[in-house]
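Database features (Swiss-Prot):
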- 29-32, K50, 86-90, G413, 479-481, D496: ATP binding site (BINDING)
- 532-545: compositional bias 'Low complexity' (COMPBIAS)
- 525-545: region 'Disordered' (REGION)
Amino acid sequence: MAKQLVFDEHARRSLERGVNAVANAVKVTLGPRGRNVVIEKKFGSPTITKDGVTVAKEVELEDKLENIGAQLLKEIASKTNDITGDGTTTATVLGQAIVKEGLRNVAAGANPLALKRGIEKAVAAATEEIKKLAVPVEDSNAIKKVAGISANDAQVGEEIANAMDKVGKEGVITIEESKSFDTEVDVVEGMQFDKGYISPYFITNPDKMEAVLEDAYILINEKKISALKDLLPVLEKVAQTSRPLLIIAEDVEGEALATLIVNKLRGTLNIAAVKAPGFGDRRKEMLRDIAAVTGGQVVSEDLGHRLENVTLDMLGRAKRIRITKDETTIIDGMGNQAEIDARVNAIKAELETTDSDYAREKLQERLAKLAGGVAVIRVGAATETELKEKKHRYEDALSTARSAVEEGIVAGGGTTLLRVIPAVKQLAESLEGDEATGARILVRALEEPARQIAANAGDEGSVIVNAVLNSDKPRYGYNAATGEFVDDMVAAGIVDPAKVTRTALQNAASIGGLILTTEAIVSDKPEKEKAPAAAGAPDMGGMDF
């Protein structure tokens, strides 16, 4: 396909039109009084949302050059969303402001590369200032506020904080769709993995179709168990203690499984067997996690262990084990806390280095099972459209709460971005030429989120921004929900995670700087529409013979 090349001012202005198209659709959602955007779907009912990244992702422009600008701005929103789960609209508004002010200066003859350097230096100064303003999250009340603001719903904030209280800050919280109208929080206590009993003969409670073992030993074996002679010594030792036994192995089959079932049915030994969770190296690591939680050892040939030589002190212990057809839950494992902490730290170190989203998700699950537990928030609603929108708000609020725990919270409502302006102005005075202009571009952009929040609430943005900038109170700001100024935004519960504010600014400046330094665009040439086929002669009735 033939390509079209566009240069200089024409290229940059085309990108700007695309940026504005996305930003204008997204920015109406900003703040407590932001408006909804309705998105048409080819199949099913339309989506109604106040989420910036959801709106941005739906925008496709007909003009190919403008569409490139739109895609670049969408990148700001999606990158911010990937890292923090929130702040996408703020990032979009900042990006639009940087592009607008920057292109005005480039058109006036400024050096784009010097402007970009100035913007980058200003962003570094601003992010340092944001870190200084951050307040650590000490209690669930702060989590409740920050999650509630993200979702625009105090009830959502309360449920996220409630779930975090139950499973701890490291715990896994999943959001699922409920079959009923109500939203409820379920907590899975203990360590759970998705493998159930190998045979239904191990069931102890036929009404609930589950096996429950109280104060049980746990044999953790890496390989398959099929020969009875290997298993017999450990069975005899456990039988002498009159305690139940859970066997976790790659598989239990043949005469070994038959013997376990016979002993269970005779009442000689209360026993159950489940397959080990995971596959390959991940299975080995998960077995080591179970060993740490229960205070046992993994029986592995790699470590020189043989099944027939297993002693009671190599077995794990737990106060209660519940096994269903699909999952096993170990409650109150008797592991050594120091060993569990060592496993947690090892997983955290691995999380820092992994690039794969799938690996990160699995590591996060393992971390939760070791550190706290798993909470499931089942979101209920009256209609499918409401359910989708509500579930999305819960997911955003959860990501925001996690970001708040990581780097603390700052004053919301665009106030923090206004508070870092003096530091950026000070930097601009130390720079020269177009670099100083670049820093001043960021100063103007930092005002834009607060202006937009005020505008969406029906107020005059410039008046609000000037009032906040002229105040000597460090957390003085504007509550757009009530239309009043507040002496301390953090105390009033109007907060944002510092990580969200920082990431939004960094991503906006990164893509904004790239657009300013663009000198040419290469894109596909629009295809010419083919002329319609000629109609038949009139006297032939429009038909061919």
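Even glycines carry a Cβ here, placed using N, Cα and C.
What Swiss-Prot annotates, mapped onto the structure for a quick look.
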| residue | record | DSSP class |
| --- | --- | --- |
| T29 | ATP binding site | helix |
| K50 | ATP binding site | coil |
| G87 | ATP binding site | coil |
| G413 | ATP binding site | coil |
| A480 | ATP binding site | coil |
| D496 | ATP binding site | strand |
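Cβ neighbour count within 10 Å across all protein chains ranks T89 highest among the binding-site residues T29, T89. Other C-beta atoms found within 10 angstroms of the C-beta of G87 (ATP binding site) number 32, with every protein chain shown included. D496 (ATP binding site): 29 other CB atoms within 10 A of its CB, across all protein chains.
Taking the Cβ of G413 (ATP binding site) as centre and 10 Å as the limit, one finds 27 other Cβ atoms among all the protein chains shown.
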